[in-house]
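What follows is one structure encoded as structure tokens, with my remarks underneath.
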Amino acid sequence: MVTDFNDVDGEDLTNPDIIAENEVAFEGALRPQSLSEFVGQTKVRGQLELLLKAASMQSRTPDHILLAGPPGLGKTTLSMIVAEEVGKPLRMTSGPAIQHAGDLAAMLSSLTPGEILFVDEIHRMARSAEEMLYLAMEDFRIDIMVGKGAGATSIPLELAPFTLVGATTRAGLLPNPLRDRFGFTAHLEFYDAVELEQVLIRAARLMNFEISAEAVKIIASRSRGTPRIANRLLRRVRDYFLVHNAVSDTAAVDAALELYDVDTLGLDRLDRAVLRGLLERFGGGPVGLSTLAVSVGEDSETIEAVVEPFLVRAGLVSRTPRGRVATPTAWEHFEIPQPNVL
Ligand SMILES: Nc1ncnc2c1ncn2[C@@H]1O[C@H](COP(=O)(O)OP(=O)(O)OP(=O)(O)O)[C@@H](O)[C@H]1O
């Protein structure tokens, strides 16, 4: 696929909901095509490799796979790799697009043998569809209801064997019967700096962008442990370098990251709003997540799925039974004196 990497726009670097069409093309072009090209997540890769190999040796469809983790860590990419590795087509949909059991029935009944069905945001699927999925996953069969009221009957419909790959940022919201029907659940972790450097070096090569090891290091350390963010920052740095004819690429990195409001820890505007709110309005907590979300005008799902995981992993916030609490590192980062705690 040929992608025009010069198609620049001013999208929010970290908001997964605001992905312009060219951003999708850009992401697509950078996606690893095989497990061996997929950087990091060593454990998950090994587990997937085993699962796919065992299925292939027994000439059966691989077990259903659930991919859980914050946005941008590679869930969609892994689903594409699974399809590639088993050599079967991939059908992609998302939970919010399945609002009725009928939507799901139509999709399931048209699957070809061995096809991979990827359902992104699977926790947002309609309840009626979820129930239909239980049977489909277990027995490759669904029951179609015909008629209404006392005369209603259900007609069983055999399905071609398929592998469901579900992705979720909120595994905890999946009902147990659904969670239990996945043969394997992969919890994707944030990437460490060295892994992100590898992601960046690979992306820079694909973009024909010559960048120094030092600049790569800085971008990696400010990418929120997330390949999607690393790739986007790289593009913004490349833009900056191009437009401003910067003296060095490290100067371009600093300037571009400042321009796009990414701070030294890689925190974006929303991360900082949440942390500042926690420190300044709630004295560092403990405070409940929904109260915190309201105070920054965001919905709690975004705070819980997108913001909080990284703040916890960065050691800036800790979760306690009484609510979220800012750590001493958070106070230091904002250079606000920590009130004395009795
Ligand atoms: N392990 C990896 N190695 C190299 N690039 C990666 C890796 N993981 C993700 N990427 C890149 O990051 C981008 C985002 O990945 P992807 O869309 O798979 O994330 P996601 O977890 O599905 O996100 P979301 O939950 O928002 O859909 C893609 O362009 C992909 O190329």
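Backbone N, Cα and C define each Cβ position, glycine as well.
If you check TrEMBL, you get these features:
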- Leu30, Arg31, Gly72, Lys75, Thr76, Thr77, Glu138, Asp139, Phe140, Arg181, Tyr191, Arg228: ATP binding site (BINDING)
- 61-192: domain 'AAA+ ATPase' (DOMAIN)
- Thr76: Mg(2+) binding site (BINDING)
- 264-342: region 'Head domain (RuvB-H)' (REGION)
- Arg319, Arg324: DNA binding site (BINDING)
Inter-residue C-alpha distance, Glu138 (ATP binding site) and Arg319 (DNA binding site) (nearest angstrom): 36
Cα distance (Å, whole number) from Leu30 (ATP binding site) to Arg324 (DNA binding site): 36
Rounded inter-Cα distance in Å - Arg319 (DNA binding site), Gly72 (ATP binding site): 23
Among Phe140, Tyr191, which are binding-site residues, the residue with the most C-beta atoms within 10 angstroms of its C-beta: Tyr191
Rounded mean pLDDT for the residues that make up the domain 'AAA+ ATPase' (61-192): 92
Close-lying binding-site residues around ligand 1 among Leu30, Gly72, Thr76, Phe140, where CB distance stays under 6 Å: Leu30, Gly72, Thr76
For the domain 'AAA+ ATPase' (61-192), the number of residues DSSP places in helix, strand and coil: 51 helix, 36 strand, 45 coil
Longest CA-CA distance among Leu30, Arg31, Gly72, Lys75, Thr76, Thr77, Glu138, Asp139, Phe140, Arg181, Tyr191, Arg228, per record bound to ATP, angstrom: 37
Other CB atoms, at most 10 A from the CB of Arg319 (DNA binding site): 14
Secondary structure content of the region 'Head domain (RuvB-H)' (264-342), with strand meaning DSSP E or B: 40 helix, 9 strand, 30 coil
